[in-house]
């Protein structure tokens with residue numbers, strides 16, 4: 001297969017033309033999780049340029065950090081009894097999906113990036129397994145973020161009705177729906193003959209390019225959960241704004257008055273001065289709950305913001321590319337894909353940074369190991 005250099009001044013990094021261009025094929029857009037065009041070694045250039053080594057090193061570090069950090073969170077939740085409850089089961093579900101992304105999806109994606117001509121040489125069966133896990137794990141990771149956002153929303157806005165028993169049932173149901181829906185999206189091509197992932201002639205492994213499946217997979221894996229998390233955070237913002245206004249109205253001013261009374265048995269007048277004051281009806285429990293709600297709202301906001309920044313470039317490309325006669329450089333497709341993968345690295349950093357119990361549990365875990 002003919003390859004072309006990224007630029008004349010950058011040896012060792014090349015990209016194949018053809019199927020990746022929108023103008024070459026009406027269904028050239030790559031569906032969620034498919035093999036990207038990206039960093040591959042040119043047969044006519046030195047096999048290991050400095051830029052290639054740098055990129056590979058960074059991606060290997062990203063894979064290792066994503067795997068180890070999520071594994072640490074998962075082990076902590078399993079070993080610490082205090083974490084055997086909501087919302088830590090949702091965090092555990094997210095950690096499982098992100099561990100699988102780092103262990104099964106990202107390494108083979110890196111191998112595919114570095115293969116000359118992006119040819120898949122591991123066979124049809126392994127191709128189907130890889131693509132299925134790619135779609136399954138990335139979709140589950142995205143929907144788990146939506147589930148965490150929903151749980152925080154109900155906790156903040158309905159803390160009286162959202163009892164511990166209700167919360168357990170809701171979280172278990174959300175986890176079940178997350179993995180069932182992710183499995184349906186991932187296995188639909190195999191179960192219903194919805195396109196083929198492996199092309200033996202071209203030795204190409206990618207998600208089914210069937211246009212109807214592309215719409216189904218991208219909507220189910222990203223656009224629907226995106227709508228959910230944006231709606232949830234808007235409702236959280238409105239609820240926080242309403243509560244702040246209600247607390248301000250709860251501050252009661254007392255007017256300043258002066259009264260004069262005759263002492264019944266004394267020949268003097270007693271003056272009583274009532275000074276102007278404000279009384280806010282707020283207990284220490286309300287203050288603690290308010291601080292907890294603020295941390296939860298901030299955590300959800302950052303989690304959603306990072307989720308959108310990581311995934312929206314990739315999925316916007318997947319939506320626009322099949323509809324226009326344009327050609328996005330393969331290097332950008334790779335950048336957008338790995339930016340999406342990096343969301344699995346940021347997830348545990350965010351939800352542990354806002355919970356001191358995780359930091360204490362990490363310290364305790366390493367102390368016991370010593």
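Each Cβ is built from the backbone N, Cα and C atoms, and glycine gets one as well.
The transmembrane segment annotation in Swiss-Prot falls on one of the ranges 14-35, 190-211, 212-233, namely 212-233. Both residue 127 and residue 296 carry topological domain labels in Swiss-Prot, but the labels differ, so the record puts them on opposite sides of the membrane. Swiss-Prot assigns the feature transmembrane segment to residues 328-352, out of the candidate ranges 253-277, 328-352. All protein chains included, residue 127 (disulfide bond) registers 23 other Cβ atoms within 10 Å of its own Cβ. Long-range contacts of the transmembrane segment (89-115) within the same chain: residues 33, 35-36, 38-41, 56, 59-60, 62-64, 66-67, 70-71, 73-74, 77-78, 83, 121-122, 130, 133-134, 136-138, 140-141, 144-145, 147-148, 151, 171-172, 174-175, 178-179, 205, 334, 337-338, 341, 344-345, 347-348, 351, each at least 6 residues beyond the stretch ends and with a Cβ under 8 Å from a Cβ of the stretch. Most Cβ pairs under 8 Å with the transmembrane segment (301-325) belong to 212-233, among the candidate stretches 49-75, 128-150, 169-189, 212-233. Between the transmembrane segment (212-233) and the transmembrane segment (49-75), fewer than three CB pairs separated by 6 or more residues in sequence fall under 8 Å, so the two stretches do not touch. If you count C-beta pairs under 8 angstroms between the transmembrane segment (328-352) and each of 49-75, 128-150, 169-189, the highest count goes to 49-75.
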